[in-house]
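J.: Handing you this structure, nothing more for now.
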Amino acid sequence: MLLAALCCLLWSFRTSAGHFPRACASSKSLMEKECCPAWTGDSSPCGQLSGRGACQDITLSKAPLGPQYPFTGMDDREAWPSVFYNRTCQCFGNFMGFNCGNCKFGFWGPNCTEKRLLVRRNIFDLSVPEKNKFLAYLTLAKHTISPDYVIPIGTYGQMNNGSTPMFNDINVYDLFVWMHYYVSRDTLLGGSEIWKDIDFAHEAPGFLPWHRLFLLLWEQEIQKLTGDENFTIPYWDWRDAKSCDICTDEYMGGHNPANPNLLSPASFFSSWQIICTRLEEYNSRQALCDGTPRGPLLRNPGHDKARTPRLPSSADVEFCLSLTQYESDSMDKAANFSFRNTLEGFASPLTGIADASQSSMHNALHIYMNGTMSQVQGSANDPIFLLHHAFVDSIFEQWLRRHHPLQEVYPEANAPIGHNRESYMVPFIPLYRNGDFFISSRDLGYDYSNLQDSERDIFQDYIKPFLEQASRIWPWLIGAAVVGSVLTAVLGRLTSLLCRRKRKQLREERQPLLMEKEDYHSLLYQTHV
């Protein structure tokens with residue numbers, strides 16, 4: 001009933017998220033390589049007449065890249081987004097968006113001057129109505145076509161360098177599934193040749209900033225779709241879990257009794273269709289995923305013990321947080337003692353040494369789900385993806401608060417393609433740099449309930465010894481206060497008496513030795529009888 005009501009009531013809400021704006025998918029925009037749509041508020045490109053932004057040339061980073069990708073000019077994602085556009089909206093102040101029609105993260109209001117902090121909460125701390133609303137929002141997004149964005153179904157070359165646009169509509173939820181596919185897909189080299197050692201969002205420094213932006217845009221999209229400006233993505237704290245405790249019909253879907261690889265018919269998500277999962281087919285055809293439905297969600301948690309013998313523990317997380325280096329060595333999945341590589345799951349959470357034979361931390365959850373979520377390109381089809389990555393982001397945030405790194409700690413050069421600090425993140429339009437999200441979540445308008453609680457605990461632990469010491473000397477303090485009060489009263493009385501005596505002496509000393517002139521003459525001319 002809740003879902004039906006939401007669908008009927010909110011179907012007309014317009015949305016905006018990330019990737020190819022519908023307004024920039026024409027042959028004119030592609031051939032002119034310009035994406036500067038008009039803002040509806042004043043009908044000028046980028047809201048320029050209202051001072052919101054301007055259409056400007058894109059300045060690309062010239063920092064050298066790592067050796068992992070040896071080609072140039074073979075992939076549309078290289079030097080993003082220059083293959084498609086070299087001019088986009090550059091927004092001013094707190095404005096943001098492909099036409100500068102939105103506010104930067106953390107700002108609200110018609111002029112983006114109101115600053116607010118939203119809090120992401122543990123999904124198990126949500127009330128039943130809150131949890132049901134979250135599930136309904138997910139399903140609404142799955143059934144609402146994005147009015148503002150489309151997905152390309154061919155490369156720029158296959159579009160005849162923009163003269164023959166190839167784009168499809170897509171629903172709001174699947175837009176983000178497609179983006180996660182596109183950022184991590186293989187490079188199509190022509191014929192039947194591909195290059196697999198490439199990923200613009202994983203296995204390198206940009207893993208955490210990219211997924212941070214992905215969640216922020218997804219969150220913003222749901223806020224606009226539903227009109228619920230207070231919506232935040234809940235997180236799943238999987239530390240020390242013995243099983244998938246959110247894999248129930250009450251939450252993210254239980255087992256189908258007839259087929260353990262499918263979801264229960266009673267689940268919100270049992271009827272969902274997945275996209276972008278046939279990678280070998282796309283590669284063999286040298287084609288992109290076109291958003292065609294490919295069957296139901298698959299999930300059978302905990303049945304690949306060889307690669308994932310257990311879920312991550314609290315000790316594993318604490319070891320990650322203790323690592324002082326964000327990135328190290330080759331800055332890829334072979335990096336040792338790297339916080340990013342250990343949290344991502346390519347290095348052991350016991351030693352910090354890269355280990356290709358095991359999947360730990362973030363990777364462990366994907367493998368543990370044993371289904372759609374276990375394949376990188378299609379993993380965002382499973383809504384557990386959002387809850388999982390929200391918790392991964394909270395660990396990233398905890399590391400930032402513990403170590404207080406300068407932005408310069410994020411690698412400026414020699415990272416794998418797409419991962420340098422000043423590189424624009426694929427496939428987002430408007431444009432965002434990796435380094436822009438190597439900052440505290442509070443500067444982006446959100447926090448985590450578990451981090452707020454832990455900070456209060458840290459403060460209480462800090463002052464606890466002082467409070468205990470104060471409790472031991474409390475009787476003495478009371479006695480001292482009483483004695484002090486008596487002494488203060490006595491001293492005050494003595495001081496008052498001394499002051500009065502002093503004032504009397506001063507009055508006598510201040511009497512004039514000679515009379516005033518008038519009094520003197522009056523006395524002088526007095527007659528005597």
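Note that Cβ sites are derived from N, Cα and C of the backbone, with glycine treated the same way.
If you look up Swiss-Prot, you'll see H180, H202, H211 marked as Cu cation A binding site. Annotation source Swiss-Prot lists Cu cation B binding site at H362, H366, H389. Taken from Swiss-Prot, the feature N-linked glycosylation site applies to N86, N111, N161, N230, N336, N370, supported by sequence analysis. According to Swiss-Prot, the feature signal peptide maps to 1-18, an assignment based on sequence analysis. Sequence annotations record features per position, and here Swiss-Prot assigns topological domain 'Lumenal' to 19-472 based on a curator's inference. Residues or ranges marked as topological domain 'Cytoplasmic' in Swiss-Prot (evidence: a curator's inference): 496-529. Under the heading transmembrane segment, Swiss-Prot lists 473-495.
What's the neighbourhood like for these features in this structure?
T.: Sequence-distant neighbours of H202 (Cu cation A binding site) (same chain, 6+ residues apart, CB-CB distance under 8 A): S184, E344, V376.
Neighbour density for H389 (Cu cation B binding site): within 10 A of its CB lie 25 other CB atoms from the protein chains shown.
A sphere of 10 angstroms centred on the C-beta of N86 (N-linked glycosylation site) encloses 16 other C-beta atoms. When secondary structure is read from DSSP and collapsed to three states, N86 (N-linked glycosylation site) falls in the coil class.
The DSSP secondary structure for N111 (N-linked glycosylation site) is coil. Its own atom aside, the Cβ of N111 (N-linked glycosylation site) has 14 Cβ atoms within 10 angstroms in the protein chains shown.
Mapped onto three states, the DSSP output places N161 (N-linked glycosylation site) in coil. Other C-beta atoms found within 10 angstroms of the C-beta of N161 (N-linked glycosylation site) number 13, with every protein chain shown included.
Taking the Cβ of N230 (N-linked glycosylation site) as reference, residues of its chain lying under 8 Å away and at least six apart in sequence are, in sequence order, L118, Q223.
Within 10 Å of the Cβ of N336 (N-linked glycosylation site) there are 17 other Cβ atoms, across all protein chains.
Classification of N370 (N-linked glycosylation site) by DSSP places it in coil, neither helical nor stranded.
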J.: Sequence gap of 6 or more, C-beta under 8 Å: which same-chain residues meet both conditions with respect to H366 (Cu cation B binding site)?
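T.: Those within reach of H366 (Cu cation B binding site), by Cβ under 8 Å and sequence separation of 6 or more, are S359, M373, S374, V376, S379, H388.
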J.: What's the CA-CA gap between H211 (Cu cation A binding site) and H389 (Cu cation B binding site) in angstrom, rounded?
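T.: Cα to Cα, H211 (Cu cation A binding site) and H389 (Cu cation B binding site) are separated by 7 Å.
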J.: If you take the centroid of the Cβ atoms of H362, H366, H389, the listed Cu cation B site, which other residues of that chain have their Cβ within 8 Å of it?
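T.: Apart from the listed residues, the neighbours are H211, E344, G345, N363, L365, S379, F385, H388, V392.
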J.: Among all the protein chains here, how many other CB atoms are within 10 A of the CB of H211 (Cu cation A binding site)?
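T.: Around the Cβ of H211 (Cu cation A binding site), 22 other Cβ atoms lie within 10 Å.
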J.: Of the recorded positions N111, H362, N370, which sits closest to H180 (Cu cation A binding site) by Cα distance?
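T.: Going through N111, H362, N370 one by one, the Cα closest to that of H180 (Cu cation A binding site) is H362.
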J.: Do any residues at least six apart in sequence from N370 (N-linked glycosylation site), in the same chain, have a Cβ closer than 8 Å to its Cβ, and if so which, in order?
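T.: N370 (N-linked glycosylation site) has long-range Cβ partners R299, N300, P301, G302, H303, D304.
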